[in-house]
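S.K.: First the structure, which I've put down as structure tokens, then a few questions once you've had a look.
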């Protein structure tokens, strides 16, 4: 039987096409904005960007006419409806429905209008709740998902499978990357619904500004987590667009584990909070360990460059200039 998984597809031409038209969907988000910065830094001059008000990705007819008119050569799909546990529990229909609509519209129109290559970005939440650690790509669909974000996860799994199906049926070069926990400029620092790293940064900053004696953090601080600076992810995306044309999705992680306690101490140091750090052990810890196995990407020749300490310092500078100063 012939190999129709597309593993024989040519790679290495993306970096040579600096004037090719590239559509980055979701360019205002944490991930999309970093990809745009990286592409511009690398000398790409023909980026097509649309805000939500200019192009509603959930509208099939709008997406279809956009592709018919603009005819991008490459597509990076970083647009998604995202949110924390509370949002996922409150709006499950939105999390599965909106993400399925965006993916279906963009992937199908990209294929029908002759896009040369598409990169779909997912999330580490696609993996089973009790996946082996570190989590290899092969763990996908081997067990039940974490119930708190299964609606979002199922949509993302469908996106991976859609790319694979179009590759199998149409020999079309659609690839998928699965990032670990991300942080960096343009992150969400909202007090109610931000992730652990920006939430800690905001709390330490506010405690410092208010001369507070202590900051109380939920749990014991023992869970292990992995963090990747979003600029490293953007670098990996450009690398994958240029160097990877395989059937299987690719994990994109830092490979470095840190306890929540170590993370909190590091953020405290970067922010310059001199008070005490108190752990409320009556509160839950969450999953004890979550680490992606990114050895496949490393074997292709890509590794991250930004250390957690440097990344946190950059992120705090951005937070001061773009969140704190704008409130004043």
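Glycine is no exception: its Cβ is also placed from the backbone N, Cα and C atoms.
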S.K.: 26, 27, 28, 29, 30, 31, 32, 156, 179, 180, 181, 182 bind NADP(+) in Swiss-Prot, but which of 170, 195, 205 does that record place at the same site?
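M.R.: Same NADP(+) site in Swiss-Prot: 195.
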S.K.: In sequence order, what residues of the same chain, 6+ apart, have a Cβ less than 8 Å from the Cβ of residue 195 (NADP(+) binding site)?
M.R.: 84, 181, 183, 187, 188
S.K.: Taking each of 26, 30, 125, 152, 156, 179 in turn, which of these recorded positions have a Cα lying within 10 angstroms of the Cα of residue 203 (substrate binding site)?
M.R.: none
S.K.: Looking only at 203, 218, 225, 285, the residues listed as binding substrate, what is the longest Cα to Cα distance in Å?
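M.R.: Across 203, 218, 225, 285, the two farthest Cα atoms sit 19 Å apart.
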S.K.: Sorry to bug you, but what's the C-alpha spacing from residue 28 (NADP(+) binding site) to residue 156 (site 'Lowers pKa of active site Tyr'), rounded to the closest Å?
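M.R.: Rounded to the nearest whole number, the Cα-Cα distance is 20 Å.
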